[in-house]
Amino acid sequence: MDTLLVAADSALRTLFARPRAGEPSPARSLPAVDLSVEQRRLSSALMRVNHVGEVCAQGLYMAQSCVTRDPQLRSDLLAAAREETDHLAWTRERLDALGSRPSLLNPLWFAGAFAIGLVAARVSDQASLGFVVETERQVSAHLQGHLRRLPEADLPSRAIVDRMQRDEERHAAQAQAAGALPLPPPARWLMKAAAKVMTTTAHHI
């Protein structure tokens, strides 16, 4: 019951409260930049997609922490979720600075990620960790793509995405070291297809 209450609290905080980072944003020490209308529009769309990714990460990690019976794994998942909360706060702060907003479909993204996390975790802890590894690897690749697309002048957004990308790689390595099983190719393809739908939609809505 306590775990379910923690998950419910996480959902409410993720979707309806202003996220509070435990660590200052990498963009905070950088000066404000003057972007053109087109540059601002592109940065806003990309950071909105990144914010959606962090909403999904909260749903995924919370679902998995609810199911596992391994206290150490639960602790590790919750620690990763706290780091993802930093990312959530940083991307939200950057959206605010750009004069933009999060995706209107965040409740849908959170619910979908939570459901997928529950299914993966019920198979086994190793399968659950395998899902984490594949998710973090895909997110890392996606963030690398955003670094190539973000305007060179948008140093604050680039600093945030660069730090997030390094954190996601570390999360994948930690899950792999904890005993993750590799996902079968069909599962990886399905995840990529679902991510494509999410990123394309969040880019606009």
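Backbone N, Cα and C atoms are what each Cβ position is placed from, and that goes for glycine too.
Residues or ranges marked as Fe cation 1 binding site by Swiss-Prot: GLU54, GLU84, HIS87, GLU168. Summarising the annotation, Swiss-Prot assigns Fe cation 2 binding site to GLU84, GLU136, GLU168, HIS171.
For the binding-site residues GLU54, GLU84, HIS87, a Cα to Cα distance of within 10 angstroms from GLU136 (Fe cation 2 binding site) holds for none. A Cα-Cα distance of 13 Å separates GLU54 (Fe cation 1 binding site) from HIS171 (Fe cation 2 binding site). The Cβ neighbour count for GLU84 (Fe cation 1 binding site), using a 10 Å radius and every protein chain shown, is 25.
What surrounds the Fe cation 2 site, by Cβ distance within 8 Å of the Cβ centroid and not counting GLU84, GLU136, GLU168, HIS171, is the set ALA57, ALA80, GLU83, VAL132, THR135, VAL139, SER140, ASP167, GLU169, ARG170, ALA172 from the same chain. HIS171 (Fe cation 2 binding site) and HIS87 (Fe cation 1 binding site) are 13 Å apart (CA-CA, integer value).
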